């Protein structure tokens, strides 16, 4: 009727139940919100399980234990440190301040000895020396660095590439060391460790566009490298092995650790319609140029260096200032690290030892001294 209020129209969505057809159950109307486009996490590449770098560390530790067993300080030396360790005790501090074996033992185990490489054709020492260490302190410092850096690289690039990077960098470090330091033996995995650092730097450069916080990462890495190289100017540290390993690893990083710049998107989430298959991997021109140049320089450099070494070339004759790269003399220390040479005479149980460098002479009462014992007395007399 006119003037009467119109009844309200109520729209119900009903849901009849078969168990009671006479009852009608109203259901509340659900509010429908516009669906936001979902984002899905895109996994760009799988992480590798790192096992090779830890295996290298274990191998170095085992070889150090074997070296100490062969050293047998109580039997071959006049005095030892930590004699409670038996044949695993260390040489005296004057002879080896790193808590380790004698130089004769390291030489026997495969230390880098240039005269033996050149004149006795023992080129294998360029590789074997990187698995030996001069003492406990030397071993711990190298193994800690290799674990921290190597595991991260192996997780991202796999054991094949990082294993090759490690070994070739160690060889490059040994090669440069042999060209410049020819009067002393050399051991240690420092060249391989610096090769890993060099590989990290070149990997950051060649994959620059996929990194976030580029400048911070670059600055941090450069500071770490500079500090480690600066430590190498101290005496008794083979900085040429560090430099050679770093340069080798730096060049290898452009060859081994290159990544395509399209398809390796450096973002955590991508739109719903993003398809990794449509983004074809593609290398940039600067990556290809660096790849070719690095490979050529690396092959030529290692080849020329190896030929020069086997021909007995002393690189110091062609670079009068390069020795400062390994040691800078100051009022606190001297860079004179020539090996000790002595003349010894045995008369009954009386041993006369004379140091050739300073002329000092001393007499010891020993019956049938070993060569290691004479070498230890010589080191103490010449120091």
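Heads up, the Cβ atoms here are built off N, Cα and C, so glycines get one too.
According to TrEMBL, the feature domain 'Peptidase S54 rhomboid' maps to 121-257.
Per TrEMBL, the feature transmembrane segment maps to 48-69 (among others).
What TrEMBL records for 130-151 (among others) is transmembrane segment.
According to TrEMBL, the transmembrane segment annotation covers 158-181 (among others).
Residues annotated as transmembrane segment in TrEMBL: 187-208 (among others).
Same-chain neighbours of the transmembrane segment (215-234): 194, 197-198, 200-201, 204, 242-243, 246, 324-328, 333, counting only residues six or more beyond its ends whose CB sits under 8 Å from a CB of the stretch. What TrEMBL records for 215-234 (among others) is transmembrane segment.
Remote same-chain residues near the transmembrane segment (240-258) are listed as 153, 157, 161, 164-165, 168-177, 179-181, 186, 188, 190-203, 205-207, 225, 228-229, 232, 283, 287, 290-291, 293-295, 297-298, 301-302, 325-326 (criterion: CB distance under 8 Å, separation of at least six residues from the stretch ends). The feature transmembrane segment is assigned by TrEMBL to 240-258 (among others).
The transmembrane segment annotation in TrEMBL covers 288-310 (among others). A Cβ distance under 8 Å defines the sequence-distant neighbours of the transmembrane segment (288-310), meaning residues of its chain 6+ beyond its ends; these are 114, 117-118, 123, 171-172, 175-176, 178-179, 202, 205-206, 247-248, 251-255, 258.
Counting same-chain residues at least six beyond the ends of the transmembrane segment (48-69), those with a Cβ under 8 angstroms from any Cβ of the stretch are 87-88, 90, 100-101, 105-106, 109, 131-133, 139, 142-143, 146-147, 150-151, 153-159, 162-163, 166, 189.
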